[in-house]
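Everything on this sheet refers to the single structure shown next.
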Amino acid sequence: MEEESRDKRTEESSTSSLEVINAIKTISEEKTDKLLAEGEKAIPTVYISTTELHMRQSQIIQITTGSKELDKLLKGGIETGCITELFGEFKTGKSELCYTLAVTCQLPITQGGAEGKCLYIDTDGTFRPERLLAVAKRYNLSGKDVLDNVAYARAYNTDDQYQLLITASAMAAGSNYALIIVDNSTSLYRTNYSGRGKYSSRKMDLARFLCILHRLADELGVGIVITNGVVGQIGGAATFSTDSQKPIGDCIMAHTSSTRLYLRKGRGKERICKIYSSPRLAEEEAIFTITAEGIGDFKEE
């Protein structure tokens, strides 16, 4: 009886997922099957002991950001096995931090790396390989090897973004990938779903994309770094806030990202990183800068 009940719940759950995904007309039947297959692989089917959970979490690696002050703020660097969101205005260092991490994740663990490759999904068309070469030179790494270890893909719409994530999950499961970067995670959802009438669809599709990312981090232990922009707060929220800006898709992103970092401009070349929310880090700030060789520590001139 209990077996029948469990099978029935599983069947209902699968049917429900299928109906929801099929409702999105831009996703073909073949892609729907792939989405479901990846989802089923990612959903744990049994309980695990907290001893095993503790063991898994003890294997988390911190990837250096290139800045000692920033690493200190993050208690070692960007964590694998979870999602880190970087949000802020244009030219606050979001993409530069992504470039640096795409290289430093390849370093030996003893040097602040994760000894793995990187998957990079670019939604704005702003990716520049020469920035990776500059960071590689800083760490005395072979430029060719560094570029070979970063798998790049450009997404032109939200359907591309889904498909690339499905491909990324297969690649990450079959090879030594330590980091997945999505720069920018929300921009295509804002352009493809513009207008008030599409707000609900945009919210649902973004949530689904983030859910898949969360499962990848959980099940494969890879680090996930996503970038995001900001919008101005209006109404009562802005009145009682010391900052008039908030991350795009704030409510949805808050439920998915483990650590959220707010990047903003300081004086001159100063950039400031604030822990916006995190289950393990205090709400503190650190100053860093953008150099010709990636992210580094700010020095008074």
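Including glycine, each Cβ sits where the backbone N, Cα and C put it.
Automatic, uncurated: that is what TrEMBL annotation is.
The following features are taken from TrEMBL:
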DOMAIN    59-234  domain 'RecA family profile 1'
DOMAIN    237-300  domain 'RecA family profile 2'
Seminar exercise, completed: Using DSSP three-state counts, the residues of the domain 'RecA family profile 2' (237-300) come to 8 helix, 27 strand, 29 coil
For this session: Pop the mean pLDDT for the domain 'RecA family profile 2' (237-300) in here, whole number is fine.
Result: 88
